[in-house]
Amino acid sequence: MNLDEVITGVVLAGGKARRMGGADKGLLELGGKPLWRHVADALAPQLATVVISANRHLDIYQASGLKVIPDSIADFPGPLAGMLSVFQQVAGDWFLFCPCDNPCIPHNLVDRLAAQRHGAPVVWVHDGERDHPTIALINRAVEPQLTAYLQAGERRVMIFMRQVGGHAVDFSDCKEAFVNVNTPEELAQWQKRP
């Protein structure tokens, strides 16, 4: 199944980054470019369009030339709120979401998720040890359920994904591609990589 003409890539950069001391994680530099740019650059060859979901420093993200989507729900309620805002503000049926702190996304992420979808409205990455529900291919058809879930005060991504009939896709052969950058110490370790 090849959906690359109709999938919009979304870099999720709207979090509070508490473990990063509150710094806007997407704007932290790795190898001379911001973390969000690593993700956008990895997604761009796989998709027709890439947008950014962000809540702070919107002018900096907008300077990239990419469309920037702020959350429609106040107070940084989490990645599901960013996903809902994208559904509300961007046309299309399919969206590939990826957090800004995963700088080594594989070149075949979209094709592998799409090929293993098997009719599900949501599929996400499993690296062989853990789920990565914010690295997910999601159909707009879940928007009503997502709206209701958030209105009920729920925020847990994994529970929502399972409730709407999603499943994980095995990426255990490239587990290292899903190591993310959560703390200043982890960023320092990433800076030492070749």
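Cβ coordinates come from backbone N, Cα and C, glycine included.
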Original post:
L12, A13, G14, K25, D101 bind GTP according to Swiss-Prot; which of D59, D71, D131 goes with them?
Top reply: D71
Original post:
Are there any residues in the same chain, six or more apart in sequence, whose C-beta is under 8 angstroms from the C-beta of L12 (GTP binding site), and if so which?
Top reply: S53, P79, G82, M83, F97, C98, P99, C100, T134
Original post:
Across all chains shown, how many C-beta atoms besides its own are within 10 angstroms of the C-beta of A13 (GTP binding site)?
Top reply: 27
